[in-house]
Amino acid sequence: MTNIRKTHPLMKIVNNAFIDLPTPSNISSWWNFGSLLGICLILQILTGLFLAMHYTSDTTTAFSSVTHICRDVNYGWIIRYMHANGASMFFICLFMHVGRGLYYGSYTFLETWNIGVILLLTTMATAFMGYVLPWGQMSFWGATVITNLLSAIPYIGTNLVEWIWGGFSVDKATLTRFFAFHFILPFIIMALAMVHLLFLHETGSNNPTGIPSDTDKIPFHPYYTIKDILGAMLLILTLMLLVLFTPDLLGDPDNYTPANPLNTPPHIKPEWYFLFAYAILRSIPNKLGGVLALVLSILILALVPFLHTSKQRSMMFRPISQCLFWILVADLLTLTWIGGQPVEHPYIIIGQLASIMYFLIILVLMPVASTIENNLLKW
């Protein structure tokens with residue numbers, strides 16, 4: 001009798017994706033982040049569901065409903081902080097996952113990569129709207145500042161902003177619709193993740209060398225299931241250390257003050273995982289220019305496959321590109337730091353230089369370095 005795992009219509013799909021999947025034998029721990037992102041997503045949906053049972057999306061009661069969750073609901077505090085810090089873990093895994101793709105040339109799987117870029121944008125939108133829901137000072141002013149950026153769009157900008165707000169300012173209508181979108185988007189992310197996986201399994205995984213590994217494949221289970229379980233345990237350990245010891249480490253103290261439209265906080269800034277993009281936005285003195293740079297800072301990822309000039313796929317044997325890659329990582333860390341600083345000297349000029357470097361490395365230096373490395377191969 002054939003194994004039910006291989007014949008049952010539903011179990012067959014699971015089997016081909018997680019059990020009998022032929023996987024390169026040499027993929028490193030950098031390949032763990034895909035499964036970790038799946039775990040993060042499930043964790044966020046579950047904690048979010050329980051939070052939604054007690055949350056009210058009304059401007060008068062939103063803040064106190066979050067307080068009620070933390071004080072009166074059984075284990076409400078841990079659910080709330082797991083959700084808030086789970087978002088941070090989600091973005092850490094996302095950045096690692098994208099970084100891995102850039103380093104090892106995984107972007108040559110065009111469909112998988114493009115859906116990944118869409119996933120990144122959708123996740124950023126979801127996280128932004130989630131940050132608005134507690135209706136603290138930073139929630140309100142963050143929503144006001146970021147949605148206001150759309151007014152930079154010529155001709156339709158103002159109408160667009162008022163349409164998104166559902167009025168002439170961020171108010172009850174805005175909060176209600178943000179809650180609705182924040183609830184539905186994770187399920188869209190889940191569907192997109194399935195398509196992401198579907199396209200990946202059409203080609204099979206990349207590996208650190210960037211060389212086709214069809215001659216050396218091993219089954220996903222038990223080799224990589226056990227490796228993923230180790231990664232998952234480390235992820236959950238890190239998350240619980242954050243939640244139980246320093247739950248507010250990555251948050252903003254201003255968000256413990258209820259939203260007040262009459263009082264602007266001295267420094268409006270988003271969560272840490274948006275600071276690099278926020279720094280790029282602020283580094284351009286022109287409003288429309290800043291918005292374009294902000295959008296391009298993420299969409300530039302979709303251009304990366306077309307800027308690949310190297311004869312090799314991975315950066316494993318390309319020292320100049322490796323050097324540039326780590327400079328890019330340092331540059332992004334610099335931008336993240338600058339995004340959290342006030343707009344004054346010397347932070348302004350550092351932010352501008354780091355923003356120029358970001359686009360310069362990806363658009364100019366990387367392709368040039370690849371061409372130089374191609375020529376060095378002839379020696």
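Using N, Cα and C of the backbone, Cβ positions are placed for all residues, glycine too.
According to Swiss-Prot, the protein has these features:
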BINDING   HIS83, HIS182  heme b b562 binding site
BINDING   HIS97, HIS196  heme b b566 binding site
BINDING   HIS201  ubiquinone binding site
TRANSMEM  33-53  transmembrane segment
TRANSMEM  77-98  transmembrane segment
TRANSMEM  113-133  transmembrane segment
TRANSMEM  178-198  transmembrane segment
TRANSMEM  226-246  transmembrane segment
TRANSMEM  288-308  transmembrane segment
TRANSMEM  320-340  transmembrane segment
TRANSMEM  347-367  transmembrane segment
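Features per Swiss-Prot, on structure.
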residue : record                   : Cβ contacts under 8 Å, 6 or more apart
HIS83   : heme b b562 binding site : GLN44, THR47, GLY48, LEU51
HIS97   : heme b b566 binding site : PHE33, GLY34, LEU37, GLY116
HIS182  : heme b b562 binding site : GLY48, THR126, MET129, GLY130, LEU133
HIS196  : heme b b566 binding site : THR112, ILE115, GLY116, LEU119
HIS201  : ubiquinone binding site  : ASN16, ALA17, LEU21
Dominant neighbour of the transmembrane segment (178-198) in 33-53, 113-133, 226-246, 320-340, 347-367, by Cβ pairs under 8 Å: 113-133
Any contact, the transmembrane segment (320-340) to the transmembrane segment (347-367), with at least 3 Cβ pairs under 8 A: yes
Cβ contacts under 8 Å made by the transmembrane segment (347-367) with residues that lie 6+ beyond its boundaries: 279-280, 282-284, 293, 296-297, 300, 303-304, 307-309, 321, 324, 327-328, 331-332, 334-335, 338-339, 341
